[in-house]
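Novice: One structure is given below, represented as structure tokens, and several questions about it will come after.
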Amino acid sequence: MSSITFYNQIQFVEDKQEFSRFPTKAGRRSLSRSISQSSTDSYSSAASYTDSSDDETSPRDKTQLNSKGTSDFCVKNIKQAEFGRREIEIAEQDMSALISLRKRAQGEKPLAGAKIVGCTHITAQTAVLIETLVALGAQCRWTACNIYSTQNEVAAALSEIGVAVFAWKGESEDDFWWCIDKCVNMEGWQPNMILDDGGDLTHWVYKKYPNVFKKIRGIVEESVTGVHRLYQLSKAGKLCVPAMNVNDSVTKQKFDNLYCCRESILDGLKRTTDVMFGGKQVVVCGYGEVGKGCTAALKAMGSIVYVTEIDPICALQACMDGFRVVKLNEVIRQVDVIITCTGNKNVVTRDQLDRMKNGSIVCNMGHSNTEIDVASLRTPELTWERVRSQVDHVIWPDGKRVILLAEGRLLNLSCSTVPTFVLSITATTQALALIELYNAPEGRYKQDVYLLPKKMDEYVASLHLPTFDAHLTELSDEQAKYLGLNKNGPFKPNYYRYNHPSKIPLNDTQISDLCTIYLQWIPTSTTYMFSLVQSS
């Protein structure tokens, strides 16, 4: 059976900032490590620190060989590979669906000839995805999308089996871009697929290697930040390859973004601060799927939770779920914890940080480090004190301390771990998206950003149901005819968003079509009001 035949069984159908640089000065400092954390952290700060740990040798300055005698990698310590292998094996136990996909398709090698360059969090769960891609025939080179989230032992384990990994926990900014470039710029090897998380890799290739970018067969992006960048390129007419928007797939939004964050937010805060949640006043900025997960977890622990929102639909959802929707300035002096999860920039400003009370905690659950204005805190009058891994006390002249976690970067993957099972859902979706784009016949996908076919979402979900011993009800022929459905799916139209408001940008044609539809049923008396809303 050919690789294309394998995907015909799933019956896929076609759906239709410049870099946010952080400060360039960075140091590497060693701190005590737990069994699941690396021994290295980095700071990118011009502020003073009160700890005096010595810098360690950068992995870039080391010469390392794996057991096969190759050196095409750069990790913290290749000798940690055996420990990393155990971590990967543990992750595999809770990623049965992805392993099942690997076993079903590895005989056909649907990714034979694919040269995938990836930029994601490098964890045990991601390693299972990477090894799945390799088993399906792909060649992979990988780097990290976050300077704090790499599990060094896992990076070593991947390097040991021949995957070219350039990443370690505690990279500086210069290290970060160097690692990306090493993945892309390899003599005799040119990528034809991109798997990205945040858009940094995509934009690096687009800016630095335009000829390589033009030959890419497909891009798979899983974060709201990266998707936003892709839509910007598409709108400007500069996206010359098809891209798959995994972030807005149902299996990403409703599972990874919601359930993963619902569990990992508490883990991250507990590990870093030992905070008690009962009675604490918490502001969650943003009530998308990540915000919904965070607020649900905090409410269950007895916290008093406020929500900030710009979208009236999301704000109304928060109100109906029992949360008070406020402007941040209204509660800034009284809250104990601020959590950002908007995907925006400067959600928490220096002026607001100045007004927070002593001992307040500030952290980010969005992908990018732009949500909290950390750069404004790197001034001579403020002192930074590293009290434990990924925990800084920023001290004001009057002695007030604000606790900043992971320097405003993604809290859960920087400071704790995330549930393996839910990452299996996202990883399976990414693998299928890569194979779909790589095997798609010419003309199926144009140079644009696409949503995942509904059939793919349903297939991913079905692979995970056996874990719960779940049994789906089957439609009778009569029922299927009554609903106008195929008995085997898809069971929902592509526009059905499973109770979360879609944030996918619409093109002019789609907006025009929607206006036509609305005006057909909106009463005449409200047509003028609708035109006012449209014009505003």
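Each residue's number is its place along the chain shown, starting with 1.
For all residues, glycine too, the Cβ spot is worked out from N, Cα and C.
Below are the features listed in TrEMBL for this protein:
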- 18-68: region 'Disordered' (REGION)
- 32-51: compositional bias 'Low complexity' (COMPBIAS)
- Thr123, Asp197, Glu222, Lys252, Asp256: substrate binding site (BINDING)
- 257-418: domain 'S-adenosyl-L-homocysteine hydrolase NAD binding' (DOMAIN)
- Gly288, Glu289, Val290, Gly291, Lys292, Gly293, Glu309, Asn412: NAD(+) binding site (BINDING)
Novice: Would you count the other C-beta atoms found within 10 angstroms of the C-beta of Gly293 (NAD(+) binding site) for me?
Specialist: 23
Novice: Which has the fewest other Cβ atoms within 10 Å: Gly288, Gly291, the binding-site residues listed?
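Specialist: Candidates: the binding-site residues Gly288, Gly291. Fewest Cβ atoms within 10 Å: Gly288.
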Novice: How many Å lie between the Cα of Thr123 (substrate binding site) and the Cα of Asn412 (NAD(+) binding site)?
Specialist: 12
Novice: Measure between the Cα atoms of every pair in Thr123, Asp197, Glu222, Lys252, Asp256, the residues the record assigns to substrate, and report the largest value in Å, rounded to a whole number.
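Specialist: Taking every pair among Thr123, Asp197, Glu222, Lys252, Asp256, the longest Cα gap is 18 Å.
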Novice: Can you tell me how far the Cα of Asp197 (substrate binding site) sits from the Cα of Asn412 (NAD(+) binding site), in Å?
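Specialist: Asp197 (substrate binding site) and Asn412 (NAD(+) binding site) have their Cα atoms 15 Å apart.
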Novice: Take the C-alpha atoms of Val290 (NAD(+) binding site) and Lys252 (substrate binding site) and report the distance between them in angstrom, rounded.
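Specialist: Each residue's Cα considered, Val290 (NAD(+) binding site) and Lys252 (substrate binding site) end up 11 Å apart.
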Novice: Under a criterion of Cβ-Cβ distance under 8 Å and sequence separation of at least 6, what residues of the same chain contact Lys292 (NAD(+) binding site)?
Specialist: Leu258, Arg262, Gln317, Asp321
Novice: Could you tell me the maximum Cα-Cα distance in Å between the residues recorded as binding NAD(+), namely Gly288, Glu289, Val290, Gly291, Lys292, Gly293, Glu309, Asn412, rounded to a whole number?
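Specialist: Greatest Cα-Cα span of the listed binding residues: 22 Å.
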Novice: For the C-alpha pair, I'd like the distance in angstrom between Gly293 (NAD(+) binding site) and Lys252 (substrate binding site), rounded off.
Specialist: 13
